[in-house]
Each structure stands twice: as structure tokens, then as C-alpha cells.
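Trainee: So TrEMBL lists these for the protein:
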- K264, D269, D287, E348: Mn(2+) 2 binding site (BINDING)
- D269, D346, E348: Mn(2+) 1 binding site (BINDING)
- K276: active site (ACT_SITE)
- 344-351: domain 'Cytosol aminopeptidase' (DOMAIN)
- R350: active site (ACT_SITE)
Amino acid sequence: MKYCAKSTALLDIKSNIIVSIFEEGKLSSAARKIDEISQGYLSKLIESGEITGKIGEVLVLRHVPNYTAERVFVVSAGKKGEINEKQFKQIIQNTIQAVKSTKAQQVISYLSDVEIKDRDLYWNIRFSVEAIESNFYQFEQFKSKKNDQQITLTELIFSVESEMAQQAIQHAQAVALGVKFAKDIANCPPNICNPVYLAEQAKELATRSDLIKTTVLGEKEMAELSMNAYLAVSQGSVNEAQLSIIEYRNHPNPSAKPIVLVGKGLTFDAGGISLKPAEAMDEMKYDMGGAAAVYGVMNAIAELKLPLNVIGVLAGCENLPDGQAYRPGDILTTMKGLTVEVLNTDAEGRLVLCDTLTYVERFEPELVIDIATLTGACVVALGAHNSGLISTDDELAQTLAQAAAETTDKAWRLPLGEEYQEQLKSNFADLANIGGRWGGAITAGAFLSNFADKYPWAHLDIAGTAWLQGANKGATGRPVPLLVQFLINQSAK
Ligand code: BES
Ligand code: MN
Ligand code: ZN
């Protein structure tokens, strides 16, 4: 899809136009103009109750009297001045659905004049483009019969001339691209998307951008580094663990400390010897959602050419039960030297991540954010709407919360304190890998914090937000929007 922002003469439009009307018969200024030249055509439709202004309604009009446009999409946009972000996205979804059901190729949208509460024109355009791109997303690689709904729309013009609008389009397209890349690898089945596949995607990214260099460590290299906790998780799988390091360097000061993003990349998590129940186990292909998000973010920032140094790390691994698998009771010596007693092999994410957090010390990071589908407990605490945010650094936590609010890719901070470490005590090792039933999302974060003491650190638990369950089962691409916004904001500092 091609997007642009430029002012257009409404009266000359030959293709298709989108205008808004509101409840109580209020017309937007574009709708009013069409109403005038058509001698009250829209007003009559309002009077007859065919247009109500209620959110959800889109009327497609052809042959509007005295008007040149092929089609006029009249979008009901609710109560003027009271539209929130969620409703606005709904309005865009409905509009694009209506446009798709026609053969329209080019549309000129006047929806940029719809006011969203507490948001400016930038966010109007930004949300629009992102909502449209997510509406267009399909994952059909493995269907022998593809969806026959052909999308004819190729160009959307926002009828507004401003630099802010151009920037919103550019940012939105990069975010959407990142989200799409993240969704594609996350949706990919675990018999194809294994750790080697993840690493191949990471390497392929380096061939697409001059600013990126990718290095991949296999199990041999990890063994030399004593990444024994990570390797223990991988022991039960014939698929070799792969740690991909994607280095993006574009800071005006080449030696500026990098921002490091670490993604949990369990391409499948069966639980290991502490095997998971069968129900919904297929969804554990999404246990690489953190790595997928990091991969998506790296794509987005390469597209935007942000003036930053960012290192994305994909911690690829598979957790299966097997004769070679690690067991409950095993004591592992981590790369950092701390020993960990395994009490549940299904708490594997923190074992993979703890060694990766130690590994990234070598980059002398400005800050590190890990992103992980880490705990079911986080889903119990926050549901599917907010990612869990845990941090040892208030400023970093606040900056992330800010980016989450801006993008509506929400995150909610959970506490972290000494007291939670109590739950991780082991009789036989420095740490246990589980902390009991209570506060499971927090004790997982507390476990990781022991390995993140060399830099400001934050952890995003995306167990509830990385994918949707049920009829719309599929990856969401979250928290790519949050993280890209965080980096955009960082680059503007
Ligand atoms: N990948 C899971 C977490 C998960 C579970 C994410 C369900 C989304 C939905 C993780 O590896 C795991 O199994 N965690 C355990 C930890 C427990 C053994 C302390 C969990 O949450 O049950
Ligand atoms: Mn697990
Ligand atoms: Zn897991």
C-alpha cells in the first residue's frame, strides 16, 4: 500500500473519498461540502435514518448528485469531540472493511479531521496506517487454497498537508513492517521455525541492511562460554540452540553505548520433563514471541535508519522431554557463576535468559530490555491487555510506560523488591528456578534481576499479549509498537 499526505481539492476528486459524519446529524466540513453541492443528499439520508453517526456504520454512496467522485464512503464517527483511541481504531477498521468490499483502487481520506481525545494529527494518521496494515495482514503460507478476497486498494491519500503527517506515515509504516515480520515468524509452525530458522532470519536481515551485522553462536560456542543454564534447556531437543546477535550501528558517535534488546526464543516449549498438559500446547510455538518482537523491531529501526546503536539478541532454543533432557533436581552453573537448582523444567525461559543477560555484559550496554513470554502468572495478573513490566531502574520503567501509553501497546509495572528473592531460595544451590505459586510473574523477574546487575534493566513479560487465542488465534506483533516508539523517543533525546 502506498500512503501519502497532501491537500486535495475535494470538488475535483474522481476516484473515491472518505468523509465523516457524527451523531446528532453533525457533518464534518468535507461532508458538509458534499452535502451542499448535492443539494442536501447527505442531510436527507440523515433525516431518513440511513445515516446515524453511530460508530460502526459506513455507507458507500455512488452517483452522488452533482459530484464527480466514483464513491463516497460516509463514515459514522460517533459523538464529535468524544472519540477515544480505541473507538478511532474501530472506525478505521470498519472503513477499511467497507473499502475492501468495493473495487476501489485509490481513496482520499478526510478522516484526518476526526478529533481523537488527547491526541493530535500525528496520532490520527499513525493509528490509521497501523490499523489498516494490521487489517490487511494474512498468514496463508500453509493454506493450499488462498483467501480469494483480492485487495484492489493500492493508494490512500490523507487530505492534509503537513510535515507531521508525513512523519506519522513514515513511523507507522516502519512499525507496521516490524509488526508484520514479528507476526510472520511467530505464526510459523514449530517444525519449521526452530532455533536454526530463527538464526537464518537474523542473518538474512543483515543482507537487507548495511547497518546490520549478525553473528550466530551455536551450542559449541555457548559451551565455551559456560552458558550451562541455557544449554541445559536445549539438551532434550535434537534442534541445536542458536543465539543470534543482530548489531545495528547508526549512532553519530560510533562508540556510543548500545541499547540491547534480548528476546526469549523458545521455538517450542513442551515444558520438558515437567511436561505441560495437552490442552493448547500448540500455542507454545509462540514461546519465541519475545525473539519475534526483537526481530520485528530491528527491521523497523533499519527501515527508519534511527541514529542509535541497538543490539537485538534472539535466544533461540527448544524445550522438550527426552532421554537427554535436563531434570528437576539438576543443579546448573550459570555463565555468571551462580548455581541454580532446577525444580521445574517448565520454568526454562529464565534459564535461557539468565545466561543471555550475562553474555550481553560484553557490549557494555546503556540499558538492556528483555522481552519474554515468561509466565502464565503474568496472564493471570494482567490478562491479555497489558504486558508486565519489571525494572530495576525507575527512569527506564517510566520511559517504557510512556512509550506504551503513546502507542496504546500497553504495559503495566509490577513491583520488584528484595522480599521476592526469599521465594527463590534453594537448600542446595544459590537459587531455585521457581518461586512458588504466589506472584509468579514477579519471582520470575526477580530471578532474572540477579543476572542484570551490570546495567539499567527492564523486563517485559508478554505471555498474555504476544498472541490471541480462540477464533482469531494468531500473533499480535506486540510489543513491537511499544519498543519502536521507545527507540524513536530515545533517538530524539
Ligand atoms: N512459556 C511459559 C509461559 C507461558 C505459559 C506463556 C502459558 C503463555 C501461556 C513458561 O516457560 C512457563 O512454562 N512458565 C511456567 C513457570 C512455572 C513452572 C513457574 C508457568 O507459567 O506455568
Ligand atoms: Mn515453560
Ligand atoms: Zn516457556
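Each Cβ is built from the backbone N, Cα and C atoms, and glycine gets one as well.
Distances, neighbours, how buried they are, the whole picture for these features please.
Mentor: When secondary structure is read from DSSP and collapsed to three states, E348 (Mn(2+) 2 binding site) falls in the coil class. Its Cβ taken as reference, E348 (Mn(2+) 2 binding site) is surrounded by 30 other Cβ atoms within 10 Å in the chains shown.
In sequence order, K276, M284, D287, E318, N319, D346, E348, G349 are the residues of the chain that are 6 or more apart from D269 (Mn(2+) 2 binding site) and have a CB within less than 8 Å of its CB.
Residue density at K276 (active site): 17 other Cβ atoms are found within 10 A of its Cβ, drawing on all protein chains shown.
Predicted-model confidence for the domain 'Cytosol aminopeptidase' (344-351) is 99, expressed as mean pLDDT.
Taking Cβ-Cβ distances under 8 Å and a sequence gap of 6 or more within the same chain, the neighbours of R350 (active site) are L374, N433, A444, F447, L448.
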Trainee: Might you list, by sequence position, any residue in that chain lying six or more from K264 (Mn(2+) 2 binding site) with a Cβ less than 8 Å away from its Cβ?
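Mentor: D287, M288, G289, G290, A291, A315, G349, V352, L353, D370, I371, A372, T373, L374 - these are the non-local Cβ neighbours of K264 (Mn(2+) 2 binding site), listed in sequence order.
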Trainee: If you take the centroid of the Cβ atoms of K264, D269, D287, E348, the listed Mn(2+) 2 site, which other residues of that chain have their Cβ within 8 Å of it?
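Mentor: The answer, listed by sequence position, is V233, G265, L266, M284, M288, C317, N319, G349, V352, A372, T373, L374.
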Trainee: What's the number of neighbouring CB atoms sitting within 10 A of the CB on D346 (Mn(2+) 1 binding site)?
Mentor: 19
Trainee: Give the subset of the recorded positions K264, D346, R350 lying near ligand 2, defined as CB under 6 A from any of its atoms.
Mentor: D346
Trainee: Excluding D269, D346, E348, which residues of the same chain place their Cβ within 8 Å of the centroid of the Cβ atoms of the recorded Mn(2+) 1 site?
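Mentor: Close Cβ neighbours, site residues excluded: V233, L266, A270, G271, G272, S274, K276, M284, D287, N319, T345, A347, G349.
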Trainee: Of K264, D269, K276, R350, which recorded positions come close to ligand 1, meaning Cβ under 6 Å from one of its atoms?
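Mentor: Only D269 meet the Cβ criterion.
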Trainee: Less than 6 Å between Cβ and the nearest atom of ligand 3 is the rule; apply it to the recorded positions K264, K276, D346, R350.
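Mentor: Passing the 6 Å Cβ check against ligand 3: none.
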